[in-house]
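Have a look at this one.
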Amino acid sequence: MSLLWQARFFTTVNHLRDLPKTQVPEIAFAGRSNAGKSTAINILCNQKKLAFASKTPGRTQHINYFSIGGAHVGQHRKDETKVDEIRALLVDLPGYGYAEVSGSAKLHWQELLGDYVQRREQLAALVLIVDSRRPFTELDIQMLEWFAPTGKPIHCLLTKSDKLNRNDAANALRTARTILGSYVDENGQPFPFTAQMFSALKRSGLDEANDKIIELLGLNEAPQEESNGPAANDV
């Protein structure tokens, strides 16, 4: 069973000042509205309604946190001592690229997203959700440029790959890797950006995505007291 299956709702925030005071690693999911972000989170966590998936773009307006490990979620928010039991946090960021919301709301969300991905020390990596049928949009590129200076990893899920034939899927993946590979640090070294095809409907790419997220969160090894022997991958 994947550790991600342990995910439970933790808290929701609308301002950076309200971000949880936890010190565990976080991995954030970002993407254009209706690119399949909430669906990807739900399928990875083996839950139908963990992340809210709306048919109305821009409906998800807050940063939603889901905890992995620890006691019952309700206790975490009331008893700070319980927070130490959490092993990691999954973060569902508001979708961007919406057209049916006010300009002031867009500005607030853009500032919230930019500040969070650039300044949150606990953020270990970003999972960027991109519809495989469409190239990287201007806002996808903006997210890359916000996050790249941190030097932290990005893993791109090219969703809805079941809608593409084999050649189109290969081209989409090649294009994504070319775009991601164009980002280099001051020494000319590429940033740790990776990409894969993904389909929630067909459950393809699920194991690859799960393993990558676990790796990025540093959860490859079980806590010492829970380890009863070598992991399946080690034998």
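Quick reminder: no glycine exception, Cβ is built from N, Cα and C everywhere.
Bear in mind that the values here come from a model prediction, so they are computed numbers and not experimental data.
Below are the features listed in Swiss-Prot for this protein:
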type	residues	note
BINDING	31-38, 58-62, 92-95, 159-162, 193-200	GTP binding site
BINDING	Ser38, Thr60	Mg(2+) binding site
DOMAIN	23-219	domain 'EngB-type G'
Cα distance, Ser38 (Mg(2+) binding site) to His62 (GTP binding site), nearest Å?
13
Could you tell me which of these binding-site residues, Gly31, Gly95, has the fewest other Cβ atoms within 10 Å of its Cβ?
Gly95
Helix, strand or coil: which one is Gln196 (GTP binding site) in, per DSSP?
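Its secondary structure by DSSP: strand.
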Here the binding-site residues are Ala35, Ala200; which one has the lowest number of other Cβ atoms no more than 10 Å from its Cβ?
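Lowest Cβ count within 10 Å among the binding-site residues (Ala35, Ala200) is Ala200.
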Give the number of CB atoms, excluding that of Ser38 (Mg(2+) binding site) itself, located within 10 Å of its CB.
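Other Cβ atoms found within 10 Å: 24.
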If I take the Cα of Ser38 (Mg(2+) binding site) as reference, which of the binding-site residues Gly95, Asp162, Gln196 has the closest Cα?
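Going through Gly95, Asp162, Gln196 one by one, the Cα closest to that of Ser38 (Mg(2+) binding site) is Gly95.
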What three-state secondary structure does DSSP assign to Gly95 (GTP binding site)?
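SS state of Gly95 (GTP binding site) = coil.
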DSSP three-state call for Gly31 (GTP binding site): helix, strand or coil?
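In three-state terms, Gly31 (GTP binding site) counts as strand.
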